[in-house]
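Q: The annotation topological domain 'Cytoplasmic' is assigned in Swiss-Prot to 1-12, 69-86, 133-174, 218-221, 323-342, 395-414 on the grounds of sequence analysis. Taken from Swiss-Prot, the feature transmembrane segment applies to 13-33, 48-68, 87-107, 112-132, 175-194, 198-217, 222-244, 302-322, 343-363, 374-394. According to Swiss-Prot, the topological domain 'Periplasmic' annotation covers 34-47, 108-111, 245-301, 364-373.
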Amino acid sequence: MRLSLPRLKMPRLPGFSILVWISTALKGWVMGSREKDTDSLIMYDRTLLWLTFGLAAIGFIMVTSASMPIGQRLTNDPFFFAKRDGVYLILAFILAIITLRLPMEFWQRYSATMLLGSIILLMIVLVVGSSVKGASRWIDLGLLRIQPAELTKLSLFCYIANYLVRKGDEVRNNLRGFLKPMGVILVLAVLLLAQPDLGTVVVLFVTTLAMLFLAGAKLWQFIAIIGMGISAVVLLILAEPYRIRRVTAFWNPWEDPFGSGYQLTQSLMAFGRGELWGQGLGNSVQKLEYLPEAHTDFIFAIIGEELGYVGVVLALLMVFFVAFRAMSIGRKALEIDHRFSGFLACSIGIWFSFQALVNVGAAAGMLPTKGLTLPLISYGGSSLLIMSTAIMMLLRIDYETRLEKAQAFVRGSR
């Protein structure tokens, strides 16, 4: 006998209907555990889990390949960065198990504490942070370096999700409700720009705006804030000579291929060498220290060179499906009025996809370089740990949503 779960009433949120439409349109492509709304036998999203493992595996393989030349030069060990990345993966796995055991109510309760802790760490890094290429973004703990900016992303999105639960009506009906999150962004932006780290500021700003849109904020508020945001970004670019060089290099990197346009031209050469099937794993020429940051910010170019167009498309599809699953999980959580979980899941999907878009766009010459990692693929301990934690939060949200539906069915069948 086929059992069915009762349909639960959707919250009426402006912007939520768009999320439902996108999710429904793509639902046949990626269905997670292939369950329908009438079945809740499998209590976790298998597709999301395997996509996460796949991206982490691709990341480890490509970090190993791309980092061998620089590892040999810096430490006389070609596998130095691969070993560290392996340690980060083990730590991420341990952290993932812990995250899966924590109910979402825990993150909601301590969201403000997490944000306060992130602000304190951002202050500490300005005082005792280790500097790399003129940017003080890391706190050196010996075996591990912490990048507070990565923790700030997750803690802010938890805080904003909780804020939207508490002040949703104020956000929709009052300008003050809309501006309060912008005030938090402003405080974080000041601390981040002091490092400097414009890329993280852009991610925080865009993701927060998207969350407010889903919560039903008025359109004219977005137009005003976006206009102010664009003006602020332009002023910040003009204030720093290195940012001006990045933008001009993005417009025409071949004008100065050995100066400001060097990194981008080398990245484009990597894509050109890759063609359809690539040069083969380990056969990149650009990673031989022609392309700076080949194992971090520009690892996507090495994927293009070694695995070709096919590898690039595969990686992008996997990233897209992870982002879609996040939005779908968020939609289902909002359907049963798990608002904190729903908003947080949507924010993770937007964050994941936007950061990947900026990284890929910078490597392909479509966007100025921002120093953002490719989620789960680029080398970077803090990024890997925080991103994997965010993915495990999605799995926990999905589990709680399915559990709620199953319990609703049991109650309804009595």
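A Cβ is built for glycine as well, from the same backbone N, Cα and C atoms used for every other residue.
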Q: With pairs fewer than 6 apart in sequence excluded, do the transmembrane segment (175-194) and the transmembrane segment (112-132) have three or more C-beta pairs that lie under 8 Å?
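A: Yes; at least 3 Cβ pairs under 8 Å.
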Q: As a test: from 87-107, 175-194, 198-217, 302-322, 343-363, pick the stretch that has the greatest number of Cβ pairs under 8 Å with the transmembrane segment (48-68).
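A: When the Cβ pairs under 8 Å are tallied, 302-322 comes out ahead.
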Q: Below 8 Å between Cβ atoms, which of the listed ranges 302-322, 343-363, 374-394 makes the most pairs with the transmembrane segment (198-217)?
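A: Stretch with maximum Cβ contacts: 343-363.
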Q: So if I exclude everything within five residues of the ends of the topological domain 'Cytoplasmic' (69-86), which remaining residues of that chain have a CB under 8 angstroms from its CBs? That is, six or more out.
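A: Same-chain residues near the topological domain 'Cytoplasmic' (69-86) but 6 or more away: 59-60, 63, 287-289, 294-295, 379, 381, 384.
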Q: Six or more residues out from either end of the transmembrane segment (302-322), which same-chain residues have a Cβ under 8 Å from its Cβ atoms?
A: 29-30, 47-48, 51-52, 54-55, 58, 62, 65-66, 270-271, 273-287, 291, 294-295, 349, 352-353, 356, 360, 363, 374-375, 377, 391
Q: Taking a Cβ cut-off under 8 Å, which residues six or more beyond the ends of the topological domain 'Cytoplasmic' (133-174) line up next to it in the same chain?
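A: Those are 14, 107-108, 111-112, 114-115, 117-119, 121-122, 124-126, 180-181, 184-185, 188, 192, 195-197, 200, 203-204, 207-208, 211-212, 215-218, 339-341, 343-344, 347-348, 351, 371, 380-383, 385-386, 389-390, in sequence order.
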